[in-house]
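Feature annotations, reproduced from Swiss-Prot:
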- His77: active site, nucleophile (ACT_SITE)
- Asp340: active site, proton donor (ACT_SITE)
- Asn23: N-linked glycosylation site (CARBOHYD)
- Asn31: N-linked glycosylation site (CARBOHYD)
- Asn129: N-linked glycosylation site (CARBOHYD)
- Asn201: N-linked glycosylation site (CARBOHYD)
- Asn229: N-linked glycosylation site (CARBOHYD)
- Asn250: N-linked glycosylation site (CARBOHYD)
- Asn317: N-linked glycosylation site (CARBOHYD)
- Asn392: N-linked glycosylation site (CARBOHYD)
- Asn447: N-linked glycosylation site (CARBOHYD)
- 1-16: signal peptide (SIGNAL)
Amino acid sequence: MLSILLSLLSLSGTHAAPISKDNGTVCYALNSSTTDESIFPLLNGQGPHYDYPQSFGIPVEVPDQCTVEHVQMLARHGERYPTASKGKLMIALWDKLKEFQGQYNGPMEVFNDYEFFVSNTKYFDQLTNSTDVDPSNPYAGAKTAQHLGKYIAYNYGDLFSDSNPVFTSSSGRVHQTAKYVVSSLEEELDIQLDLQIIQENETSGANSLTPADSCMTYNGDLGDEYFENATLPYLTDIKNRWMKKNSNLNLTLEHDDIELLVDWCAFETNVKGSSAVCDLFERNDLVAYSYYANVNNFYRRGAGNPMSNPIGSVLVNASYNLLTQADELDNKVWLSFSHDTDIQQFISALGLIDNGVTEYSLDQVDFQNIQQLSWVTPMGGRIFTEKLKCGNASYVRYIINDVIIPVPGCTSGPGFSCPIEDFDDYITNRLNGIDYVSSCEVQQVSNTTELTFYWDYNEVEYNGPVSNK
């Protein structure tokens, strides 16, 4: 139990690294870092994990008169390297930056004697772990996953049964994250869990943790298209500031290069624990970047994309069915692992952060209205759905990255939870008129029209294969 309690420090913004193992108990020492963790929420979910930044002040502890009788989790993989496609762009930009033999001045002097942070391209797409990054790095994806396992064990350990299923998509980094969490849970609870690998491909149809794969009408480029003819002044300001001290260099920096360097800052922090590239940017630069990135997210995966709610409804409907059938089901814990895209579409369909705004300004930062989808899905992001038993009544509440996010218009229960009868009405209204199969024209690629793996995993063999991405 001591090891679990100590590891919780890492899940509330303080990171810890194992230093010894005595009598089976792992002890943790706080790992100091020069990294400014306050910028993590501004990096569009590409940097290390952080708590959800907007808290209503609601205690995350279970209300005194209640117990948790059923819990679900939908989690993103832990911290990773850039994808192969983004990594190639970074290498091309690095080639452009390093071809100059002179000295950079001003903010760009970080590139004097700089060494590219990915030592081998084979690491692209992969989870960061102690075999390929400095073990003292507090933000390694493997560490985040191990700590998450301890967090789950501490909060929900008494709900587990032996051979409890855990569900992961077949992506390599997602599967590896799930394995680290499972290993941590098995060690803490002395049980054996049953890992189910749900295939990521378009033929899976609705029986998937990644239902966007089978949505033939989904346009994932809608966010980029919204920006197609836009000029973002903040990028011009950054470029002018950098080049003012380097006017002698024959260097052409495009706006895409500047945005890519924010990504660079995030991913290098995942890999090395810190990044000098982050020092290129002033805080206001990152505030503007975060705003425009979340506008892109809104149209790419959020309520601004007409297919987000149909896609997200697959997992919302499955979650709701698990809740309503909780008394009859053998398992009380349902853990699932997927990607940020799928979680953002789930949140969009669920409506937890939907403020009703349908269009955003590209001329200036619209602080009052932006939906911060990236706050839901940092690396290692997770959403817990709890069903509480309080006396003779049941209630539902959501915990996003360790912060209670109330169900809109449904907060009359203990700890601002939602009475189950009112929750039924809320979900019915959210899903009314939404049909994933017809909206997505799923039957072009698959005849599978329902999600069944939560119910038939004992009869159907869900075992991958696992991809390298």
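One-based numbering along the chain as shown.
In case you wondered, yes, glycine gets a Cβ from its N, Cα and C as well.
The shown structure was predicted, so the numbers you read here are calculated from the model rather than taken from an experiment.
Projection of Swiss-Prot feature records onto the structure.
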residue: His77; record: active site, nucleophile; CB count, 10 Å: 28
residue: Asn129; record: N-linked glycosylation site; CB count, 10 Å: 21
residue: Asn201; record: N-linked glycosylation site; CB count, 10 Å: 14
residue: Asn229; record: N-linked glycosylation site; CB count, 10 Å: 7
residue: Asn250; record: N-linked glycosylation site; CB count, 10 Å: 6
residue: Asn317; record: N-linked glycosylation site; CB count, 10 Å: 19
residue: Asp340; record: active site, proton donor; CB count, 10 Å: 21
residue: Asn392; record: N-linked glycosylation site; CB count, 10 Å: 5
residue: Asn447; record: N-linked glycosylation site; CB count, 10 Å: 9
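Checked against Asn129 (N-linked glycosylation site) by C-alpha proximity, the recorded positions Asn229, Asn250, Asp340, Asn447 yield Asp340 as the nearest.
Here Asn201 (N-linked glycosylation site) is compared against the recorded positions His77, Asn250, Asn317, and the shortest C-alpha distance is to His77. The recorded positions shown are Asn229, Asn250, Asn317, Asp340, Asn392; of these, the one with its CA atom nearest the CA of His77 (active site, nucleophile) is Asp340. Closest by Cα distance to Asn447 (N-linked glycosylation site), from the recorded positions Asn229, Asn250, Asn317, Asp340, is Asn317.
Counting in whole angstrom, Asp340 (active site, proton donor) lies 37 from Asn392 (N-linked glycosylation site) by their C-alpha atoms.
In terms of C-alpha distance, the listed glycosylation sites Asn250, Asn317, Asn392 place Asn250 closest to Asn229 (N-linked glycosylation site). Reduced to three states, the DSSP call for Asn317 (N-linked glycosylation site) is helix.
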